């Protein structure tokens, strides 16, 4: 009911809507309407009320990553129909993994802060309050598990598309990092729970540094944020754009096994194709030239001896020669 | 300490060991020895005590799948060093998945009964008290996730080897069922928790019908048990053999990427190679001839039009033409 009231008031934009009209539309008493308005105000909605005119929204709570802010008029079919929002949590991926089997596909877990944010391989991920987007999406694709790694590429493509549409010239470092001005602004942590024959659920974790201005010493040379690179973009807009872009590319892959658009985006916005990179396996570090991403989504490289090699996502780490992550 | 006393008494077999000797060997008082003996008796150990001779084990608790029974003199390096034994539990796989990240590799969860035993694809698995072996093994191989399905084949090979060594002529229906006299006696349910680049943990679930004489109507035509097929084998012996066989083949694969022995066992004891089978994908059912298992562990079949096809584990269901599962 709270959500419906917000919807009505948001739909009405800067016009007044009377308590009577709200009460009729929603089938609740005017006292109930008044109580909901009161609790919305307590949450930070600035709602004007004028005698004989009714209610009018002046301002929503500032860019919080709540369901109300994100889902309003978002035209997705499955993504974000449910958004579980936390002020703080240990890790959105860990929470999503716990509820993954019970929750429906497309549920989004999002927190203003993570106290134990994780990156790849169990590394820490700095996730201070309001500074970024720390979210996890629950997916239940009806595909065999070995086709799951491509979903990381879909996520990368969606994030880059979403950011580009907001004027941010981000690039993809295959397979799961997003780069801005040669530093990392976003990591993708895809986690899989599966039987051999079917996927139970996938948790797609996305961490984007938006407003962070200070990074710890270990990562300050390789990490950056949108604000730090002078892109002032709304977190809500980024999330909304990502959900939209991702859903479209994801459904194309799941329903039609179509990878074209994703591969096209990954190639056009690649941070590494055509460049020299290091491939790293354990202690071994090799300088190679990155040629392309093939139809399977695997990386094609050329070694120093001229031989061509295909790298499967996860087999090897790669690092750009300028040292970015 | 309890375990050490059991060990000493078991090692001594049918000979007496004096309270004094036990007390010296274990560095505890004779009163403490006596107290431990008392509590062992309460648990069902039949321990004779004769004045001036000492203690002698007459009988252990009847074939319970406890650590004491299973691990005694078992020469494994990692498997079964920890065995968590339940009288009853919902599902050993579910429990193992919950503790998978914290627990060490090789931990075994085993229950005399499962109230919500699961087979593949969320199907029920009948797991009555003492009637079978319902266990899950936690594995943490340092391999990339797409190499995980082979572990199901390793499990199948180990189980068949273990049973064959106990005189049971079991066969493997690729990739994850064990067949006896054309009926199913064992299913393997491998579950994976992974990032794209690394495995968090694998839970290898093994369910073996040992003493079951009655099966529910839906499965009585396709399921059987060892006892029903007139093989009277100790559950403890089966578990011990499986842990031994599995560890050896598993370490070969993880450490040396060696698949030879597993593939050899899977081929020699295959229930389907050389036979006609149905491949089933959704509603589509196709009669094909099963030719071989290739180096990757994938099934090679010949279709009616003469074309040869490789089936990746999990892509498709298969069914023998006589109707067994």
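Backbone N, Cα and C atoms are what each Cβ position is placed from, and that goes for glycine too.
A TrEMBL annotation is a machine prediction, not a hand-curated record.
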From the candidates A:15, A:24, A:25, A:184, give the one listed by TrEMBL for the same biotin site as A:91, A:92, A:93, A:114, A:118, A:119, A:120.
A:184
When TrEMBL marks a stretch as DNA-binding region, which of A:19-38, A:39-58 is it?
A:19-38
May I ask you to pick out the binding-site residues among A:91, A:92, A:118, A:119, A:120, A:184 with a CB closer than 8 angstroms to chain B's CB atoms, ordered by sequence, or 'none' if no residue qualifies?
A:120
What is the total of other Cβ atoms whose distance to the Cβ of residue A:93 (biotin binding site) is within 10 Å?
28
How would DSSP class residue A:119 (biotin binding site) in three states?
coil
Residue A:184 (biotin binding site): tally of other CB atoms within 10 A of its CB:
21
Work out the three-state DSSP category of residue A:91 (biotin binding site).
coil
Lowest local Cβ density (other Cβ within 10 Å) among binding-site residues: A:91, A:114:
A:91
Taking helix as H, G and I and strand as E and B in DSSP, count the residues of the DNA-binding region (A:19-38) in helix, strand and coil.
17 helix, 0 strand, 3 coil
Which whole number is the mean pLDDT over the DNA-binding region (A:19-38)?
87
Counting Cβ atoms within 10 Å across all protein chains shown, which of the binding-site residues A:92, A:118, A:119, A:120 comes out on top?
A:92
